[in-house]
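Structure record follows, encoded as structure tokens.
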């Protein structure tokens, strides 16, 4: 059974025994998993018997649905004056030569910090940064404090740990309305293990937990999940915005979802879900190669993922829902990224050709389709936009989206780090779109079930 399966029961068991299940956990080949609660099981091959015993023919990811963040009360409905608020943010920002290259994620939490400060709370910000395996000065959040303070517009006190007597002393000594940033959560193994003991230590210094890190909310980590067992929890203003805009993508039809990027398998659940809800599914980038190949078209030596069954499942969902699927009809191809490029129709793609961008005919067709829509969601570039020879498809799409919003009032919602980078590389900003999501994996997971 390709794609994913969803069961509504009460627990999860595995034989042979394999520890506890958690978000994005892997189960070994040949395991038998009895699914008895609301989970989604992704796998290339799943055989299911009538009593819900599932034999796994290959490793898979068991991904717990992130329903909990949808039901969090708003922070505006919590009494925060005189409260110590543990604010989960995502300051995992790109840094080059000591400078923050993209401030978007810092900017997004500014309204929540401003609200809490003005309400008279003590704001204790916690975040991860990078993937350290232990305490490592290269992954310290301290060098970011100046930029964070500048963007938030308030003084930020840094403490070089996440819990303990030193942290409590600093927090207790600061006046109400102050902001504190604690050290990288991932310096402690308990964070990624979703360790209740670590979460309890984080909670011990606060009265309220506020999640304003949508981009991390698909992870079962201590500062996202276990922490809610020890403190009352609420959603910050950024998280509220993310849930609102992403949750209402299909509220005003016609709707088009433009999906590109290099990866296919990680986007299949989202594609299958969107195919049942949108009016047009526009595919580009390396992802479209997998669809072209599965549909019998030549893609030469282009990158693709061999997931024909999953691709056909998406196309079947689209067919049943009367969703139009647009795949590239022409391409910008070359032997490699350094060779001269030329445009070819599908039927003319040679064995040694690599597809690196959509062609002008495809761009024109995409523009025509989007011109019929009231809502457009875009995730993933149309080609290798980092190279000028293969950037036209993505830059044309961006200009089209900007014009649709400005001239026709079309709701344009964008998600994904590469898409955001492409927007900035094209000279545009967040103000040129209706909404830009900070989510990557969280966005994919949210739209797989929303």
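All residue numbers here begin at 1 and follow the chain in the order shown.
Each residue, glycine too, has its Cβ placed from N, Cα and C.
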Given TrEMBL lists 267, 416, 417, 418, 419 for ATP, the same-site residue among 316, 368, 386:
386
Listed in TrEMBL for the substrate site shared with 90, 91, 92, 105, 128, 129, 130, 131, 219, one of 70, 166, 186:
186
Under a three-state reading of DSSP, tell me whether residue 105 ((2R)-3-phosphoglycerate binding site) is helix, strand or coil.
helix
Counting every protein chain present, what is the number of Cβ atoms, excluding its own, within 10 Å of the Cβ of residue 418 (ATP binding site)?
18
Note down the number of other Cβ atoms within 10 Å of the Cβ of residue 219 ((2R)-3-phosphoglycerate binding site), including every protein chain shown.
22
Just jot down the residues in the same chain as residue 92 (substrate binding site), at least 6 apart in sequence, with C-beta under 8 A of its C-beta; none if empty.
105, 127, 128, 129, 130, 215, 216
Tally every other Cβ atom lying within 10 Å of the Cβ atom of residue 90 (substrate binding site).
22
Under a three-state reduction of DSSP output, how is residue 419 (ATP binding site) classified: helix, strand, or coil?
helix
Which whole-number value in Å describes the distance between the Cα atoms of residue 219 ((2R)-3-phosphoglycerate binding site) and residue 90 (substrate binding site)?
12
